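Okay, so here's the structure we're looking at.
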């Protein structure tokens, strides 16, 4: 193991990350595993530096003295020079100000000489000019008595202009100004190249390009597999593979038309001038985008439209009968939308690209999303798809499954299990729409681009996989007792309380840390100016909102019983998803907050599950 070079408490020169500047720092500790020194700058900032970024103060003093002294050859040559009478005595040196004054005097003398020559030449030319216009020969033509042509009369004027151009200072100043502008342009171009290279996504998620390419096909296959398995009489995992339907049965133009009608109806509700307009978090260029918060109004209008359809006896269980075809239509639409999003992102400025989707690799950027906030005018495509078509569509699908259960099993009332599933998931959706503004602080909006991953997730995965429990109960009814229903309800309420209160603490603190209502919260300050909460839910575990999500997902699956594991796929998926997000959040926060994040992790050791993980 290599030995450390600098001791704790030693004052050294540390390089500031991302620059070539060194500042005086004090070594506070050394990590034997990562071989990093923790140093403290004079302003109190603490950073972890490599040994190659630290130098002793003596080396800097030595370099300074060497640079200030002249070279031996220069000194010897200066001794060999003979001293002029007006030169100062040996051993004395001119100061820098005297040297500049000498240069200025010399420059002034040259300019005065040029000016004298200019006056002399102009006087000579004007004299010749007068002689010529008077018909007299000049100094070079005194012996020439021939007639002077018009060309000869105009020649002195041209000579004057040539001399003016030669001795005038304006062209030289303009030329110098052009050189300065050119050099500034070169510097700006170099800075832009450096910024463009630094903005590239260097760390790839999801297994890199190969993983992203695989997921483009794996995600749709997973959705269709789950739907086909639930449709079987015995949805056991042992019955693999499920019987595949004919390809022509998976597509119907009418179903695709209904899906488009649903999508554009939600877009119309999004454009209604109702609800307040708020600003999102600052972008990399400091600009803040505006968002209209009217998701809950869109939900109310959708509920009214569904009520009108049911009043006129529209068969809503049509969704259940053509469920697979709707999933195929949504998948096809999300693929077309993803292709459009990628090609339009090729024309946007570098500052509008997503930090996590700017790798330069087509497949990876197509999957994760190349553009951060694609907009058509004021219509934000990512923000719209996050909450509207898929999330509200999830509730409509659940309602269609409830009506289908009643029709297929000739029931006057839906089963208790179906009521619980619909109620729990309706609460989740209404909460998301009621607290719509909170989504503006999530990584989906602030960090992730809008590509295939989010387009497919919002339009296909959310409505068709999240409704898996309701879809399962239509073909596999499960009876539960009232005490069991009460226990499941309490479990869901606990998960919802953790989820909502944790998110509210975080969002309110991000919006206004100085809010008097949040005075009881303690936090660790960071170099970015933001704080890391160490009290409340965020002092209990690092991601309490994920803990609430998992508890609610379990409550949604319990009404389906324990006959098959398939209804619990959502719980397993949710745990895997949140563990992946948690690992990504950990890495992102460590890079962003540095030592402050390490202090936070020491203060809050558990990530999602207290005393477990």
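A Cβ is built for glycine as well, from the same backbone N, Cα and C atoms used for every other residue.
According to TrEMBL:
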COMPBIAS  76-95  compositional bias 'Basic residues'
COMPBIAS  99-108  compositional bias 'Basic and acidic residues'
REGION    53-108  region 'Disordered'
TRANSMEM  210-230  transmembrane segment
TRANSMEM  250-272  transmembrane segment
TRANSMEM  293-312  transmembrane segment
TRANSMEM  324-343  transmembrane segment
TRANSMEM  454-474  transmembrane segment
TRANSMEM  480-499  transmembrane segment
TRANSMEM  520-541  transmembrane segment
TRANSMEM  561-580  transmembrane segment
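The recorded stretches the transmembrane segment (454-474) and the transmembrane segment (210-230) share 3+ CB pairs below 8 A when only pairs 6 or more apart in sequence are counted, and are therefore in contact. Counting Cβ pairs closer than 8 Å to the transmembrane segment (210-230), the top stretch among 250-272, 293-312, 324-343, 520-541 is 324-343.
Outside the transmembrane segment (520-541) by six or more residues, the chain places 45, 498, 501-502, 505-506, 509-510, 513, 547, 592-594, 596-597, 599-600, 603-604, 606-610 with a CB less than 8 A from a CB of the stretch.
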